[in-house]
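The structure under discussion appears below in the form of structure tokens.
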Amino acid sequence: KGTIHLFRKSQRSLVGKLTHEFKLVAADRRSWKILLFGAINLICIGFLLMWCSSTNSIALTAYTYLTIFDLFSLVTCLISYWVMMKKPSPVYSFGFERFEVLAVFASTVLAQLGALFILKESAERFLEQPEIHTGRLLVGTFVALFFNLFTMLSIKNKPFAYVSEAASTSWLQEHVADLSRSICGIIPGLSSIFLPRMNPFVLIDIAGALALCITYMLIEINNYFAVDTASAIAIALMTFGTMYPMSVYSGKVLLQTTPPHVIGQLDKLLREVSTLDGVLEVRNEHFWTLGFGTLAGSVHVRIRRDANEQMVLAHVTNRLYTLVSTLTVQIFKDDWIRPTLSSVPIANNILNLSDHHIIPMPSLKAADNLNPATSTPAKPSSPPPEFSFNTPGKNVSPVILLNTQTKPYGLGFNHGSSPYSSVLNQGLGIPGMGAAQGFRTGFANVPSRYGTNTRGQPRP
């Protein structure tokens, strides 16, 4: 007998759960470096926001949002470490890899929302341009640039590193790539530096700092304050253009779509699986990206009845496991049965013969013993009636009707009375008809090779 607990312990609150998971991550030494960078990032963001307020520069504010995005990337890196520590549970049977996908998606979407906010503020400033103080503009630019580059190059952020390589290139990367090809055409020695695909985060940090430097020089020389608003718009557009491809890629992962670059490999593997010994059909296949670099899938495989299920399962898993790390294969044997003609009773839902008298079809040997003077003998070489698929009478045993009507021609054969008036219209009253003419099949549409036509001539 178990102990009866009158007062159950209340479940832990959301804050308590988050605190417990944070302590679990903080216990790992690898996360201490990230926590240290996060604390420095918060201090840097505080100083930058104060300098944005003192300089009244919207361009420096837009550049500060990149430092806030660095804080989101550090949080994503912590979530990645937490995912590696957690094991699959009954609730999350596929693990917790989708949490880091969600973190990347949220970070990039928040960065785009910040860029839209900068665009809205810049549109208002075009109507009434305030005065910009350049006292701490250049200092804030270099502080933000140094910290952003130091964070990006010092912390190995696996989720963002994967997304930056897998997502499509931004318009900023494409323009820089075109410029790099032109430079490498003049100086071939720089091809190893400029031609590879540049890191989009490093690229946007350098481009934003360059825009702020141009802003500082133009304001100091000509007091052209509108250039600050123009630089803010440029930084916002570069931020939006850089983050949008990453948001699209992570969003497709959350929607469980199949990555385009593996569709060809999956088709090839499925063709190989369909040619395995014992496999009849591969259907209901579905493959999707579980996390960054992790592909999951499920497939149904129909096999022959005499095939070994475990052997087929091992071969299918071995073929697909090279590409799909989390795989579910359902094996089921073939349940198709070829329809045959049997002498079982007819089901009521197939044919209603409540008023019929059903007797078995006489064999060909019995037809050979009939008197040629009164009946048409069946040909010994005639094949039995053929029933094709998709026709009336499928899986139904042939039935015949017995005519017991007495012939009025004095031949001495008592045939009884026919229950159908239609039988009298088929030539039964013509002299010379044999006793075999009293048998008719119960199917009007099924061709029969037995009996005669309406004129008493033998049918071929």
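Any Cβ shown, glycine's included, is placed from N, Cα and C.
TrEMBL assigns the feature region 'Disordered' to one of the listed ranges (1-23, 369-391), namely 369-391.
Residues of the same chain lying 6 or more positions beyond the ends of the transmembrane segment (225-244) and with a Cβ under 8 Å from any Cβ of it are 57-59, 61-63, 65-66, 108-109, 111-112, 114-116, 118-119, 121-122, 125-126, 129-132, 170-173, 200-201, 203-204, 207-208, 211-212, 214-215, 218-219.
Here the transmembrane segment (32-51) has Cβ contacts under 8 Å with residues 26, 60, 64, 67-68, 70-71, 74-75, 77-78, 81, 136-137, 139-140, 143-144, 147, 151, 154-155 of the same chain, all six or more residues outside its ends.
Distant neighbours of the transmembrane segment (63-84): 21, 24-25, 28, 30-31, 34-35, 37-38, 41-42, 44-45, 48-49, 52, 95-97, 99-100, 103-104, 106-107, 110-111, 114-115, 118, 140-141, 144, 147-148, 151-152, 155-160, 204-205, 208-209, 212, 235, 239, 291; these residues of the same chain sit at least 6 beyond its ends, with a Cβ under 8 Å from one of its Cβ atoms.
Nonlocal intrachain contacts for the transmembrane segment (201-219), taken as residues 6+ away from its ends with a CB within less than 8 angstroms of a stretch CB, comprise 57, 59-60, 62-63, 66, 132, 134, 137-138, 141-142, 144-145, 148-149, 152-153, 160, 164, 172-173, 176, 225, 227-228, 231, 234-235, 238-239, 242.
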